[in-house]
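Everything below concerns the one structure shown next.
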Amino acid sequence: MAANMYRVGDYVYFENSSSNPYLIRRIEELNKTANGNVEAKVVCLFRRRDISGNLNTLADSNAREFEEESKQPTLSEQQKHQLKHRELFLSRQFESLPATHIRGKCNVTLLNETDVLTGYLEKEDCFFYSLVFDPVQKTLLADQGEIRVGSKYQAEIPDKLAEGESDNRVQEKLETKVWDPNNQLKDPQIDQFLVVARAVGTFARALDCSSSIRQPSLHMSAAAASRDITLFHAMDTLQKNNYDLAKAMSTLVPQGGPVLCRDEMEEWSASEAMLFEEALEKYGKDFNDIRQDFLPWKSLASVVQFYYMWKTTDRYIQQKRLKAAEADSKLKQVYIPTYTKPNPNQIMVPGSKPGMNGAAGFQKGLSCESCHTAQSPQWYAWGPPNMQCRLCASCWIYWKKYGGLKTPTQLEGAARAGSEPGPRSHMTRQEVQGMSPFTRNEGRAKLLAKNRQTFILQTTKLTRIARRVCEDILQPRRAARRPYASINANAVKAECMIRLPKATKTPLKSKLVPRQSLAAIVKDLAISAPLKLKASRGPPTPINRNQASQPRVGQSLLGKRGFDSTTGVPYPTNGRPYTSGMRTTSQSVIKRQKVSQGEAPNPVVFVATKDTRALRKHLTQSEMRRAARKPHLLVRIKLPPPPRSLAMPLLPSSTSEPIVLED
């Protein structure tokens, strides 16, 4: 009975989704609606999965500082992982939820320096918080104020003067003397002067037009003149006149008229006071928000001073009594029975009892994603539907209460459907490439600066066997077309272990391809390098002056000529001419995709040399097309035989006989 009774101030679990973890809230009020239902006004607390990655990094640094300062014992990786599930972030956000969605109580405390973090892991339904999260500003701040230590906050105490040593400091520069208790006046004389000061203040308010409008009666003016501001002014007047009553009297009433002293209670109008009461009810004693949202024309010192003066009025006492009566009329507690309806994520075979393994669409033999157990009285579907992941009964309760898995896994982030915009399976290839750090030069530079070590992904024997045995589940062709979609490797391996005993004992046929050495490969590349041939220049081509007016229909080496270019008149394949509303193939508009400068890859330019152009002339048109369609194949070029040169007689390099030239 006591476990199902919920009161104001309790920390409770709220369920807003059957697949998402519970919400943790603190009950502030219990209100009964017109339908007879009970609604709870609650304070929101957030988990780590509800905030951004930058704020998680800030929370990690704060946790490390706390561990170093409080000298916590060394924690294992699994304990650190589970401790993040116990950390919450308080907020100032309120919301109203139906009380029927409450699923149990929990305990949330402010983290103290004397607390041991492992103690939270040993207790069930136990959480802690140390930072405050602002959902609007997206900030994390410390909940408790820090101790201000240093020269900015503490005064430096000088050494004590020795006996007989005089203080050479100028006292007027260090402090201001406002009252001397060892004056020549007696207490009755001071009281009489204060009464005169109140009378002068009442007369000054009668002469002031604004004061007479605000306090039309004599009693209100006399009450305003009896406030502390008038007494402080009277005592300052005595101090300035060296406690001479005659001089002080003349100072109270100068030649221009009596001096009027007013405090914040008189400076504020009735409408401003009502705005302040409304802001105080909404924000409490958060004077910065009160000034910013309700009274921006007032200074912060004025707002604080008015608050402490307002607490001395009857208005404050009346509001305090009204709040007490309103709290008495509200519900103090509510009884919520235990929720026993089945969860929609339960995996059950149609027509069988609850608690049986397997379900329609789920592969048998799958293990729990958290504890990797294969036996459980009840299984629950978890994560994206296409992943076919599931949790056992104990891990499902842990997921609902703490918002994570007992052991860290890669699929835990994929199950956060509420915090992420959507799974990658619904994104286009361009969107997925836009999310990758390799698409921009800045991201590539950051990644290279972070880690310049190369790595390889080496598959195990079980992985290679699973690719062959579970080819129907893995679907390698479909996975190759969608490389951005994740593959449940654990499910494939689990199914492979089931199918391996049933698989054939005949060894798989594999063709061994001998690999050449590096020296042999370099030698083959050097042999297959293109020859440098010098092309002979032919006669110059004459320039046709009428070429500008004629259409260029000559076909290029790498282009195909369309059917309509042969006749000049476009005709379709059926022989009928096109109508005015139809568009031919040559008229189709091709939109080029614009690539920004930051996302463009590094340019690779192939410059054709004279030798390359000379070799192209020896290729036929069909060979050129074949080379363009299959650029990975080698091109065989039949070079023409070199021109024969005339045999010249060999002459000796030097002779003693004369050379005779005959005509």
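In case you wondered, yes, glycine gets a Cβ from its N, Cα and C as well.
The following features are taken from TrEMBL:
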COMPBIAS  543-553  compositional bias 'Polar residues'
DOMAIN    4-144  domain 'BAH'
DOMAIN    145-256  domain 'ELM2'
DOMAIN    263-315  domain 'SANT'
REGION    413-438  region 'Disordered'
REGION    536-582  region 'Disordered'
REGION    639-663  region 'Disordered'
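Residues in the domain 'SANT' (263-315) partition by DSSP class (helix H, G, I; strand E, B; coil) as 38 helix, 0 strand, 15 coil.
On the 0 to 100 pLDDT scale, the domain 'BAH' (4-144) averages 90 in the predicted structure. Within the domain 'ELM2' (145-256), the DSSP-based counts of helix, strand and coil residues read 60 helix, 0 strand, 52 coil. With helix defined as DSSP H, G or I and strand as E or B, the domain 'BAH' (4-144) counts 39 helix, 60 strand, 42 coil.
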